[in-house]
Amino acid sequence: MDPQYARWVKAAALSATALASILLIIKIFAWWHTGSVSLLAALVDSLVDLAASLTNLFVVRYSLQPADEEHTFGHGKAESLAALAQSMFISGSALFLFLTGFRHLASPEPLQDPSIGIGVTLVALFSTLILVTFQRWVVRKTHSQAIRADMLHYQSDVLMNGAILIALALSWYGFRRADALFALGIGVYILYSALRMGYEAVQSLLDRALPDDERQQIIDIVTSWPGVIGAHDLRTRRSGQTRFIQLHLEMEDMMPLMEAHVLAEQVEHALLYRFPGADVLIHQDPCSVVPKERHAHWEL
C-alpha cells in the first residue's frame, strides 16, 4: 500500500465530511429565515453530501486495508461500491427537489429575507470551490474512484450554488417563480450527475478494461522490449488504486527457461516503472505454439 495514496485519499474524504457538516448547519439557519425553496434544495443536497461523504470516508478506510486470506486481490472494489452508493443518495435528493420545485412552481411564495440566503450561498460557493480544487489535485495524484465520485458531486454543488444566487436575486426583484424553476433545473443536473456516476461505478465493478491510452502504453512497452517476438491476450482492470495487467509473451522456441524468466521479469519491471503498484502477471509462450491468428492479437 502506497502511504502517500492512503494519506491523500483519507485527507480528501475527511475534508469533504467536515465541510458538509458545517454547510448543513449554516443552510438550515438560512432556509429557516428565508423560506427559499432553492435554499431548501441546497439544504437537502448538503444533507445528502454529509451522508455520502460519511459513507465515502468509512468505505475509503476499508478499501485501504491490505489484501488478506479472504480478499487476496485487496479491498479496492469498496471504492466502486462507495461511488455507487453516492449515486443512489444523489438520485434520491434529485427526486425530492422535483417534487418540491413543482409544488412551489404551482404556488409560489415570497421570500422573507433573500439577503441572508445570498450571504450563505456565497460562503457555500467559495468553500466548495476550495474543496473541489483540493479533490481534483488528490484525484490527479491517486486516481481514486471514490474521491473522483465525491469531486463530481461537489462540482455539481458549485453549479447549484451559482444557480441559487441567481434565483435569489431574481426573486428579490419580484420573479417569484424563479426560485422554483432553478430548483427544478438543479434537480435535473443532479440526477444526470448521479446516473453518470452510477454508470462509472458499475463499469468498474464489472472489471472494465483500463483506458485505451494506458492499454496502448502497455502494448508499446512490451512490443519494444528486446527479445520479445510478440504478445497476445492482454487483460486489464482496476480495483481501487491497483491496476491488474495480464498478458502472454511470445519468445524464441529454444530460449533457455532461465533466460525466458529473466526476460519476463524485465518486462514486468518496465510495466511497474510506468504503473507503480500494478499487479502484473506474464505467461511465456514459445512462438511456435501460438496460432498465427493469435500472434500480436491483443484482444481476447
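Note that Cβ sites are derived from N, Cα and C of the backbone, with glycine treated the same way.
According to Swiss-Prot, the feature Zn(2+) binding site maps to D45, D49, H153, D157. Residue density at D157 (Zn(2+) binding site): 27 other Cβ atoms are found within 10 A of its Cβ, drawing on all protein chains shown.
Taken from Swiss-Prot, the feature transmembrane segment applies to 12-32 (among others), supported by sequence analysis. Residues 39-40, 42-43, 46-47, 49-50, 53-54, 56-57, 60-61, 116-117, 119-121, 123-124, 127-128, 131, 134-135, 138, 144, 146-147, 150, 154 of the same chain sit 6 or more residues outside the transmembrane segment (12-32) yet have a Cβ under 8 Å from a Cβ within it.
Positions annotated as transmembrane segment by Swiss-Prot: 40-60 (among others).
The transmembrane segment annotation in Swiss-Prot covers 82-102 (among others).
Marked as transmembrane segment by Swiss-Prot: 114-134 (among others).
The transmembrane segment feature in Swiss-Prot is assigned to 155-175 (among others); the stated evidence is sequence analysis.
Annotation source Swiss-Prot lists transmembrane segment at 178-198 (among others), citing sequence analysis.
It is D49, among the binding-site residues D45, D49, whose Cβ has the fewest other Cβ atoms within 10 Å in the structure shown. Scored on C-beta pairs under 8 angstroms, the neighbour of the transmembrane segment (178-198) with the top count among 40-60, 82-102, 114-134 is 82-102. Packing against the transmembrane segment (40-60) from elsewhere in the chain are residues 9-10, 13-14, 16-17, 20-21, 23-24, 27-28, 30-31, 78-79, 81-82, 85-86, 89-90, 92-93, 96-97, 100-101, 121, 124, 144, 146-147, 149-150, 153-154, 157, 160-161, 164, 183, 186-187, 190: each is 6 or more residues past its ends and has a CB under 8 Å from a CB in it.
A sphere of 10 angstroms centred on the C-beta of H153 (Zn(2+) binding site) encloses 28 other C-beta atoms. Highlighted in sequence order, A20, S46, V48, A52, I90, T128, Y154, S156, M160 have their Cβ within 8 Å of the centre of the Cβ atoms of D45, D49, H153, D157, the residues recorded for Zn(2+), and are not part of that set.
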